[in-house]
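Student: If you scroll down you'll find the structure; I have some questions about it.
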There are 2 protein chains.
Amino acid sequence: MKRLDTSAPAFAAEFAALLDTARETTSRVDAAVAAIIAEVRARGDAALLDCTARFDGWTPADAAALRVTEAEIAAATAGIPAELLAALDLAAERIERFHAAQKPADLALPDPAGLTLGMRWNALDAVGLYVPGGKASYPSSVLMNAIPARVAGVARIAMAVPCPGGVLNPLVLAAARRAGVTEVYRIGGAQAVAALAWGTASIAPVDRIVGPGNAYVAEAKRQVFGRVGIDSIAGPSEVVVLADATNDPRHVAVDLLAQAEHDESAQAILITEDAGFADAVAAAVEAELKVLPRGAIAGESWRRHGAVILVRDWAEAFALVNRLAPEHLQLMLPDPRAALAEVRHAGAAFLGRYCPEALGDYVAGPNHVLPTGRTARFASGLSVFDFLKRTTWVEASAEGLAAIGPAAVALAEAEGLQAHARSVALRLPG
Amino acid sequence: MKRLDTSAPAFAAEFAALLDTARETTSRVDAAVAAIIAEVRARGDAALLDCTARFDGWTPADAAALRVTEAEIAAATAGIPAELLAALDLAAERIERFHAAQKPADLALPDPAGLTLGMRWNALDAVGLYVPGGKASYPSSVLMNAIPARVAGVARIAMAVPCPGGVLNPLVLAAARRAGVTEVYRIGGAQAVAALAWGTASIAPVDRIVGPGNAYVAEAKRQVFGRVGIDSIAGPSEVVVLADATNDPRHVAVDLLAQAEHDESAQAILITEDAGFADAVAAAVEAELKVLPRGAIAGESWRRHGAVILVRDWAEAFALVNRLAPEHLQLMLPDPRAALAEVRHAGAAFLGRYCPEALGDYVAGPNHVLPTGRTARFASGLSVFDFLKRTTWVEASAEGLAAIGPAAVALAEAEGLQAHARSVALRLPG
C-alpha cells in the first residue's frame, strides 16, 4: 500500500504514477480467436461441438444438447434455499425498478420553420449475454446484464455460459430465469461469441453482446464488433473511499477489502484529511486480512495497488477523484450530496456511512457493470440505454421546405454535392 | 442496378445476397498506424512535425505553428459570401435547438425501502474532433460533430484537420468557429489521433475522439480506444426510399442519386408497390446521371449497389426495411407517421414528399452522423448522449440498509465474497 500526502513535494509525481500504473497484463490471443471465429462461421454447430469438447472438457451429444431446457433449469434450481431465492427476487425487483426509471421518452418538436423534428427510441431485437463459467460465474451479474435488456423491451435474450465438465451453476440458472433470459446455451469462450454474432443452424444471431469474460472472450468481442454491438471491455475493479475521522475505521477497512478481494489487480484507495484516521484504517485492514477467506488475494491487491491519500481539505479530494475517475466512489462525509455535486467523473457513487459499495453490487438497484480504469471520464455503467437505439426523423411540408431549403442548397453547392442541392431545389416553389 | 420482386421465387435468396454484400474493401494498416502512435507517444510534438512533413507535404516551423490562430481564422473566413455564412448560421441554430431538446434529466428516486437512488449526467471534459482534409473536408460535418458536444457542455473541443500543402478550407474554419470549437490544429492522420489521445507538450489530451477519416484514422481510433472513447467507424452511406406512384419519379431519382454521388460504395434502394413507377424512376435516374457533375461516381454506385424492390404491399416493405436497417430512410407515402411506427431499425427517417434526405444533411436539425451497414440494428446517430456520461448513486440510511442489507449478505455469501458480505453485515443492527 502506498501512502501519499498532498502537502508532500513529491505528491504530483507520485499521484501521476498512481494514475498511470497499468494494473492488468493483456495477453495476445488475436490469432487463436480469429481461427475459432472462422471455424464457427464455416462449420457452425459442428465447430461448437468440437470447441466444447476441446476447451470445456465435455462432449455434447449433438447441437440440441447445447441448449439448456426448461426442465433442466427447473431441476437444477429446485434445491436452492428459499431465503436465497427471496434475496435474488428482491435484487431483481429493485434492479427492474431503477432501470425502468431510466427509460427515455420519445421527442416530437414542432419548430419555427414549420417542420416537425423527432426522435424515437426502439429496443434491439436480440441480445447475447456472456456469463463466465466456474468461479467467476456470478448470479448477480446475470441480473445486472439481463434485466436492463428486458426492461428496454428486447424480445430475445440469449445467454451463453461455459459448463466445464458439463456442470451448470444452479443460482446462475435461477438468476437467468428470474431476469427474463429467453435462451440458455452451455457454450463459452470465443466460440460462444462467434455463434452469437454470426449465428449457427441452432443459435440465431443477436444484435449486441454484453457481459464479462476472459481474454479470449474479450478479444472475440473486439473482433465481432461492427457485425454486432458490444459493451466495453471491463478491466480490474476499483474503489475510492472518501471518509472523515467520524467513521468507524473497521467499516472503511472492510469496504476497501471488499474491492481488493475481487482479484490481485483490483485497487482500493482511501482519501482522508485525518492522518490518525488513515493509520487506524490501515491497521484495521491488516487485522481483517488475517481473518478474510480471500485474504491472500485481497492482501496482494492492497500491497500492490492500494493507497491512502492524505489531503489538506475536501476540495483537494474532489479534484483527485475527478482525475482518478473511479469505477466506485464511497462518500462517507457529513454532506455526501454536496460532495457528489463536486464529482464529475465516477461510475457509481455510494452516499453516507450506511452505504457500502457491496450494497450496490447486489440489491441497491443501479447497475454494477461500470466503467473501470479511468474510463468513467467518457463512459457509463450498463443501463437501458445499452439496449435501445434512436431513430431521428424530420417531417417537412412544402412550406417548411421553402423556409429552410435554400440554405441546404447553398451548403450542398459549397461542398460540391450537386445531386444533394438538386434534390432540394427541384421541390422548391417556382 | 438490381431489380428484385418479392413475388419472385428467387426473392429470398436475392435479398439475402443484397444484405450480405460487403460494399467496402478494408485495407490493413495496423502496423503502420501502431508505429505512428508509438512515435507520437515517444517524441510528442517533434513526431507531429515529422509526420506532417512526411504525409501532408508541408513543414511547420515549430509546434506552435500547428495551432491555427484566431487571426488566421478571421483572415481565412473574411472572403466567405454573406449568403453562405447565413446558411451556415441557420444550420447551426437548428442543429443546436434539436440537440438541446435531447438533453436528458437527472434522476433522484425515493424507494420503498427508504433509500434514494439517483443518476446524474455529466459532460465530458474534453473532446477531439477529426475533420478530413482535401475534398472530403465538409463544413456541415464540423457542425454536426461539434455542436452536440458544445450543447452537452463539453468545455474543450479540439479539432484536428490535415492541411495538404498547408492550405486550410475557409468554410471549415467558419463552421468550427460557429460551432464552438475551442482549438484547431492543422494535423491529420494517425498522428493527429495519437496526439489527441495521449497529448503532447503543445496539445492536451482529450477524453473522446469523434469524426470521420480515412483507413489510417479509423485504425488509429481503434488502437487508442480504451485510452479514450471513440465514435463508431462509419462505412459507406446508404438510403432506402419507400415511394408510391403518386410521387414525381424525377424527385425520387435525384434523391437516390444524392446518396449515390457520395462515393462508388454508397447504396441507394427504392422500394415501391408499382412496377410502372419503378420503371419511371429507373429511367429518370439514367437521364439525371447524364447531367450530374458527379455522374461517374453516382453511376458506378447505382450500377454496383443500387436496387429497386417491388413489393406486393407496404407491410412487406416495412419488414424489408427492418432487415436492411438503413442509415437513411425516406417515407414518401400518404401517411408517413404511420409508416414510421412500423420501422424499428433506421438511423434517420424523412417523412413526406417534401423531405429529401439532403435536407437532413445540412439544415433540418437532427444529426447527419448515422449508423451505416445495417448497424442501426444496435447503434444510433451522433447526439448529445455521445458527450455525456452517467454517474449512478445510492444513498442509504441505517434503516434503509437494515431493510435490504440481509439480501446483499445472502447473495455475497453465495458468491463466496466474504468481505462484500461483511462490509454490509458489520453495519446491520444488533
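Yeah, the Cβs are placed from backbone N, Cα and C, and that goes for glycine too.
What you see is a predicted model, and the numbers here were worked out from it, not measured in a lab.
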Student: Which one, B:His99, B:His328, is listed by TrEMBL in the same substrate site as B:Ser237, B:Gln259, B:His262, B:Asp361, B:Glu415, B:His420?
Tutor: B:His328
Student: Anything within 10 Å of B:Glu327 (active site, proton acceptor)? Look among the binding-site residues B:Tyr130, B:Ser237, B:Asp361, comparing CA atoms, and list what you find.
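Tutor: Those close enough are B:Ser237.
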Student: Just checking: which of B:Tyr130, B:Gln191, B:Asn214 have a Cα that is within 10 Å of the Cα of B:His420 (substrate binding site), counting only these binding-site residues?
Tutor: none
Student: Express the distance between the Cα positions of B:Asp361 (substrate binding site) and B:Asn214 (NAD(+) binding site) as a whole number of Å.
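Tutor: Distance between the two Cα atoms comes out at 20 Å.
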Student: Other than its own, how many Cβ atoms are within 10 Å of the Cβ belonging to B:Glu415 (substrate binding site)?
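Tutor: Cβ-Cβ neighbours of B:Glu415 (substrate binding site) within 10 Å number 20.
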Student: Using a 10 Å cut-off on Cβ-Cβ distances across all protein chains shown, tell me which of the binding-site residues (B:Gln191, B:Asn214, B:Ser237, B:Gln259) has the largest neighbour count.
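Tutor: Selected residue: B:Gln259.
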Student: Check B:His420 (substrate binding site) against DSSP and tell me helix, strand or coil, would you?
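Tutor: B:His420 (substrate binding site) sits in a helix per DSSP.
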Student: Mind sorting out which of the binding-site residues B:Tyr130, B:Gln191, B:Asn214 are close to chain A, meaning Cβ under 8 Å from one of its Cβ atoms?
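Tutor: Cβ contacts with A: none found.
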Student: CA-CA, which of the binding-site residues B:Tyr130, B:Gln191, B:Asn214 lies nearest B:Ser237 (substrate binding site)?
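Tutor: Out of the listed candidates, the nearest Cα belongs to B:Asn214.
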